[in-house]
Amino acid sequence: MNDSRYIGRFAPTPSGFLHFGSLVAALASWLDARAVNGRWLLRVEDTDPPREMPGARDAILQTLERYGLEWDGEVVFQSQRHPAYAQVVDRMFNMGLAYACTCSRKQLEGYNGIYPGFCRNAGHAREGAAIRLRVPELIYRFTDRVQGTFQQHLGREVGDFVIQRRDGLYAYQLAVVLDDAWQGVTDIVRGADLLDNTPRQLYLQELLGFSQPRYLHIPLIVQPDGHKLGKSYRSPPLEASQATPLLLRALRALGQEADPQLLTATPAEVLAVARQRWQPEAIAQRTTVPEADLY
């Protein structure tokens with residue numbers, strides 16, 4: 001199959017080094033793009049400087065290169081996109097689609113992450129406040145290529161959500177939607193932990209007149225205690241010397257054929273074979289896969 005219109009992306013955060021869970025996500029999005037001769041973009045989501053680890057940006061790029069996951073075009077850094085985000089936040093605020101919120105974390109305790117609307121009609125000034133987007137009392141639903149139909153009532157299950165924090169930093173939901181549209185992304189392949197973020201992004205896309213990408217949410221790799229592999233749980237960083245065996249293990253996590261004879265192959269050779277054999281329909285329709293099952 002050949003679809004030169006396909007544009008995918010991998011968007012890591014530089015809060016730490018890439019780990020095995022990152023590799024599975026990167027590999028899935030890379031293969032989905034390359035299998036149809038599409039483009040694969042790299043975007044570093046560095047919108048939260050306090051959480052950024054020194055040296056992580058360069059390490060992420062180097063690791064992807066050593067694992068053979070080459071991207072198209074220039075790397076985009078979200079920290080360079082602030083003027084675009086500011087313009088949209090200003091427009092939404094001035095149109096009454098968003099409002100200033102002065103609620104503290106303590107005030108919101110006990111609401112299970114669902115904003116109760118305390119500041120919705122308060123008319124607070126913007127200075128020193130977060131900016132929340134008003135959400136409709138509607139159900140947003142989409143069909144994921146692996147997980148099937150997913151739906152969420154934005155008003156009841158999320159509430160008005162933050163698009164700019166009180167410290168001035170821009171929220172993930174806003175930045176990801178603006179950047180995917182700006183880069184012309186047609187297909188988003190990412191971890192199932194972001195499945196319930198998607199309806200908020202669909203609403204933003206609708207509000208801003210953007211087309212909706214196709215979505216594919218892969219199972220998360222989890223540790224024995226059920227936590228996903230991640231920087232906050234000190235998952236070991238990827239080592240260049242282990243590229244081939246880890247790529248093969250990542251293929252197994254995605255339900256793909258991982259020929260043991262490729263253990264002596266280079267990362268580029270493993271990827272060339274995997275690209276030809278890519279079958280997204282073989283990915284398990286589940287949200288987690290225990291890491292122990294992959295050995």
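Just so you know, glycine gets a Cβ as well, placed from its N, Cα and C.
Check Swiss-Prot against the ranges 12-22, 45-55, 144-154 and you find motif ''HIGH' region' recorded for 12-22. As stated in Swiss-Prot, the feature motif ''KMSKS' region' covers range 228-232 out of the listed 123-127, 163-167, 228-232, 233-237. From the candidate list ARG34, ARG156, ARG190, the residue Swiss-Prot records in the L-glutamate site shared with ARG9, PHE10, ALA11, PRO12, THR13, GLU45, TYR172 is ARG190. Other than CYS101, CYS103, TYR115, CYS119, the residues of this chain whose Cβ falls within 8 Å of the Cβ centroid of the Zn(2+) site are, in sequence order, THR102, LEU108, PRO116, GLY117, PHE118, ARG120, ALA130, ARG132, ASP160. The separation of CYS103 (Zn(2+) binding site) from GLU45 (L-glutamate binding site), Cα to Cα, is 26 Å. Within 8 Å of the centroid of the Cβ atoms of ARG9, PHE10, ALA11, PRO12, THR13, GLU45, TYR172, ARG190, where the record puts L-glutamate, the same chain has further Cβ atoms from ARG43, VAL44, VAL176. Spatially, by CA atoms, the binding-site residues CYS103, TYR115, CYS119 include one closest to PRO12 (L-glutamate binding site), and that is TYR115. When Cα-Cα distances from PHE10 (L-glutamate binding site) are compared across the binding-site residues CYS101, CYS103, TYR115, CYS119, the shortest belongs to TYR115.
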